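The structure under discussion appears below in the form of structure tokens.
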Amino acid sequence: MIANQHLNVLDPTGQPDRIKNDIIISVVFKLNGPNDNRFDKDKWQILKKFASEVICNEFGIQQRKQCSNVYRKLPLKYWEQNNGMLIPFKKLVQMFEEDDNYSENWFDDMPQNEQIYQGFEIGQSIGCEHYITGCELKCETCGEFYGCRRCHDDIVSDHLFPREKTWTIRCLFCQKEQPLSLKCEQCLHILGCQTCSICKYVQYFTDDAKLVYHCNSCKACNIGTREFSVHCDNCGTCMSKKFHKTHQCQSVGDCCVCLGDLRDTKYVWFRLGCGHQIHESCYDALLDQSQFKCPVCRKFLPIGEDIGIIGRHLQQINKMTVIYPEQTQTAVKVECWDCGNVFPQLEHPFGIYYCNKCKLFNCSIKDRYIDLQDYMAYLVIENPIERQNLPTPEYFKNHFINNIHDIQENQVISEVEQILGFSIDYQNVGQLAVLINQFPFHSFKEFKTCYDKFLQFQANQQNENE
């Protein structure tokens, strides 16, 4: 049985838990207002819903976190011009990505209600932890049934699932053993909508989620469309025709985080700007942990839209952080991991350094305690766009004024000093630096709460020193 018309999956209603699986549901939507928040689900005007992936044990935690993401996919105008409701969503996105009339940052300055988005929900269907499917496959080597060849290979160590020899399935609904088919010959339940006479799988994903074609060179089925894909014999993999002529050949290897083999993975993976390969789930996990360097070469990790998002995030931290007074008396030499540029800086409390050459926050300390005059000369010669904040009374006063908006601007400093119990002057810049760096605030109410935490922090430190 297929579920309702809004979500086309194998219906788990009334079925035993042992054959159910948790799935990720893609929600294609638009917004009504030009400034609507794409993360507010109440604002979503849903166009399509379809199952796009099964939540597995290996990546389950990260997959569930990913469901909070919302991606810009294409302009609303492009959707309307190409009859988006009638074309499989996967194909439409590939068509758009191949269109040279649009740049990588096509969404810049485009109102929110002129874009098509993809969000996510969690749901249930029928199958194993890898696929939506209404049947199990028989291994002709050991004679046992498994949800799929991956389920078999995860458990069995002395042989691989011989998919080319597989012709027998067992229906999950009535347990009838029968030849490979998309519909049970006994109970007539739909078991899947996609299969391959070579790879021998049975899965239920609509074309909106997974367009599949078999590549004889890869000796496997690939997700995508044959018309937009080409096989590279040097890389040993298929890729978009758009990038085939300009890509640098690199054989498919292991994920640089979990070391999983990407040659046979069913999960989304891609190449970072540095060339190293990574699962999408592993990539998102690194960003969630504020790890913005490739774990292998240390180059800037973010790709695509994330480059700007993470860059602005680090820029904001830099603007909201002040150098501690004791760190203004000497400089350090830092090196950019992306371009190799070496330059002097004051030591940053959170290790954030901006390269004025490649415009990235991706540097680390190379040498400590260099001449402060080298840093002063660097400021004059290079005139960097992103400057470090020095702990001056003027800086702290501006910081309070810029971050406290719930009282009159001309009252901010006097109100703050009354709470502090001391003046904002050079004698107190050390305390103020700790307060601002460790306890950020964006209102007078938050400031009072943060100051109480700051006092407790100081008391704890004093007790530790005693």
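Using N, Cα and C of the backbone, Cβ positions are placed for all residues, glycine too.
Automated prediction, rather than curation, is the source of TrEMBL annotations.
Marked as domain 'CHY-type' by TrEMBL: 121-195.
Residues or ranges marked as domain 'CTCHY-type' in TrEMBL: 191-257.
Across the residues of the domain 'RING-type' (255-298), the predicted structure has a mean pLDDT of 90. Residues or ranges marked as domain 'RING-type' in TrEMBL: 255-298.
Across the domain 'RING-type' (255-298), DSSP classifies residues as 12 helix, 8 strand, 24 coil. Within the chain carrying the domain 'RING-type' (255-298), a Cβ under 8 angstroms from the stretch's Cβ atoms is held by residues 58-59, 62-63, 65-66, 69, 130, 150, 220, 236, 248, 306, 310, 314, 337, 361-362, 364, all 6 or more beyond its ends. Residue counts for the domain 'CHY-type' (121-195) under DSSP (helix as H, G, I; strand as E, B; rest coil) come to 10 helix, 25 strand, 40 coil.
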